[in-house]
Structure formats: C-alpha cells, structure tokens
Ligand SMILES: C[C@@](CO)(OP(=O)(O)O)[C@H](O)COP(=O)(O)OP(=O)(O)OC[C@H]1O[C@@H](n2ccc(N)nc2=O)[C@H](O)[C@@H]1O
Ligand SMILES: Nc1ncnc2c1ncn2[C@@H]1O[C@H](COP(=O)(O)OP(=O)(O)O)[C@@H](O)[C@H]1O
C-alpha cells in the first residue's frame, strides 16, 4: 500500500486500485491577447487550484479496454476526457492492460472550473506513477496539451502563469494576500461552452497580457493587491450574453461581497474574503436565494493550503 502526493493529485493505491483527487481551478486573471491563425486565442492567465475536487477510482481489469462510469449520466460515455487520457497512454506505450474508471464529479460541469481538464491530467499522472511508466515530463506535457489547453496546468497545479493557448506553464510560488484567505464560488444554473465564449470576443476585449503579468509580479513581491487588479477579458461578453450570470453577479455584491470575478469562460463567479465568518454569511444569503455556492480556498501544488501575506 502506498500514499503519494504529487502535483495537484492525492493518490492512494492499494493492490489493483488507485484513488485520485482531481482539483478544480479558478482564473485569477485572464488576458486574451488576440486570435491566432490556428483558431485558438493567445492567452496570459494566472490559474490557481482550489479545494474542490472530483474523485477518480482506477482499477485494473483483465480485458484489453477502458471502461468508465460516472455519477453524472451525461458524462458516462466514450467522449469523457478520462477515457481519452487513459487511451492516450495505452496507445503511446502499446499497453494492453485494461482499466475500469469510476468518476465521482463534485466540480460543476462546463462551469469555467476546469473539471474535465483536471480529470484528464489526474488520470495521466496517476497511471504514470501507479504503473511506473517510462514517460518523461515532456511526454506527459505533450499528451496533456493534446487533450486540451487547460490540461498541462493540472499536471502541476497550485498557482501558475499560463501562456500560449494556455499550455505553456510557469509555476509560481503559491502566495496570496491575507484578504483572499477564503473563496466563495457561485455557480449560476447554466452551463457555458468555452468555444462559444471565445467566438463572441471582439477586438476591444483584447489586452496585452499586462493584467496577468502585473498580478503575477505583485504576488511574487508580496505587494498589496486590490480586487480592481483582477481582470478577465471574457467577462464582458459572458455578462452581456447570459442574464443568469449578470443576475448572480449582482446578487453576490448585494449579499455583501466587495469583489467578484468570472472564472475562465464562466459561468462560475468567485469572491475573496479575509475571514471565514464574512464568507459564510454571504454564502448563507446566496443559498437562501437558491444559488449553488461553494466555500473553499486556494491550494499549493501538493494540495496543501497556501501561504498568505499581509
Ligand atoms: C477558458 C479557459 C481558461 O482557463 O478555461 P475554461 O473556462 O474552459 O475552464 C481555457 O482557456 C479553456 O481551456 P480548455 O477547456 O482546455 O479548452 P480547449 O478544449 O483546448 O478548447 C475549447 C475551445 O475553446 C477555444 N479556445 C480555447 C483555448 C484558447 N486558448 N483559445 C480558444 O479559442 C477554442 O474554440 C477551442 O475549440
Ligand atoms: N471528465 C469530465 N468532466 C467534465 N466534463 C467533461 C469531462 N469529460 C468531457 N467533458 C466535457 O467537457 C465539457 C467542459 O467541461 P468542464 O471541463 O467541466 O468545463 P470548463 O471547460 O468550463 O472548465 C463538458 O461540457 C463535457 O461535455
């Protein structure tokens, strides 16, 4: 029996079974620099893993195939990224060892929280460690990047500056202001397609990358940061296009939050609080209005709570 802590996954293996925790992310900042010839957008985004996770149970099976069940019925099919990740590894190494995957989702789906990407990275990393595969970090990174723009970030997690289409990762020392100790996530009752949100961008939404780089520098130097320093270039389009998100944003502010931002392509919104009491009060108010709300916090690469500065 062994227990290991690598990157954002907590793995627990026992004989033929391996359990993995697969964490969600928020985008503290998200700059879109412009559209690339390949159709993707050039990004600079500061991503941070948070204490909200799916659980994945991997078991060896005798047959040469990958099976999967999920507690969210519409995700129980071969398009699930956990199957793509397992098949990518089997194909790359010509493995015939079969696998059964149980996926228990807690991270809201299509919510801007990176759940599918996190699950894919968790499977890549768990199989690499559990089966002691001869894959380099570069091999893993390439497989992750082929699975999706956000997947490489989840191989390291914690806090990172992500550039290119999101796949170029520069890990940062996880270090946030004291005022950001508690994190409230509000998930409006709609799913949002990432591709649609990018399609609706206009040139006036683009930035130079300066929002993310300024916040990165302030965090590294432990300088004061304000909620107005955080920016997401996708937010304008999402607030205009989806009334549910604009309403939820207004409700969060009305409930007493001093800051609120969209995570990724949304629809999830996040707010920071210095104390648990303040966060819990706002959470309670929003829950009584019927909102889906999560009270959580930021994590380091090994899944432990991060360091805060004054
Ligand atoms: C916006 C972000 C911010 O972290 O997250 P989510 O809101 O999805 O969580 C990511 O860039 C999402 O990453 P991911 O969900 O892996 O995207 P992919 O599967 O690679 O791409 C989905 C679609 O989004 C668009 N896309 C994605 C990334 C990028 N840099 N430019 C794009 O234009 C493309 O239309 C692409 O077909
Ligand atoms: N394991 C998975 N978990 C969640 N969604 C998945 C998974 N595998 C494939 N998907 C697909 O990916 C889409 C985006 O889901 P998700 O990763 O949760 O959101 P986001 O891209 O907003 O962070 C979903 O609509 C779903 O069809």
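One is the number of the first residue shown, and numbering goes on along the chain from there.
Glycine residues also receive a Cβ, built from the backbone N, Cα and C atoms like all the rest.
Feature list (source: TrEMBL):
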ACT_SITE  25  active site
ACT_SITE  150  active site
BINDING   108, 109, 110, 111, 112, 113, 114, 115, 116, 117, 118  ATP binding site
DOMAIN    80-158  domain 'GHMP kinase N-terminal'
DOMAIN    218-291  domain 'GHMP kinase C-terminal'
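Locations of recorded TrEMBL features on the structure.
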residue	record	contacts (Cβ under 8 Å, 6+ apart)
25	active site	47, 48, 49, 50, 113, 114, 118, 150, 153, 154, 157, 263, 264
108	ATP binding site	115, 187, 268, 292
110	ATP binding site	191, 192, 193, 194
112	ATP binding site	27, 192, 194, 262, 263, 264, 265, 266, 267, 268
116	ATP binding site	80, 81, 109, 148
Average model confidence [pLDDT] within the domain 'GHMP kinase C-terminal' (218-291) = 96
Within 8 Å of the Cβ centroid of the ATP site residues 108, 109, 110, 111, 112, 113, 114, 115, 116, 117, 118, which other residues of the same chain have their Cβ?
-> 24, 107
Quick one: of the recorded positions 25, 110, 114, 118, 150, flag those whose CB is under 6 Å from ligand 2, and say none if nothing qualifies.
-> 110, 114
CB contacts for residue 114 (ATP binding site) [other CB atoms within 10 A, all chains] | 29
Helix, strand or coil at residue 25 (active site), per DSSP?
-> strand
Among the recorded positions listed here, 118, 150, which has the most company in the form of other Cβ atoms within 10 Å of its Cβ?
-> 118
Among recorded positions 25, 108, 114, 118, 150, close to ligand 1 by Cβ (under 6 Å) are 114, 150
Taking DSSP H, G, I as helix and E, B as strand, the domain 'GHMP kinase C-terminal' (218-291) contains 38 helix, 8 strand, 28 coil
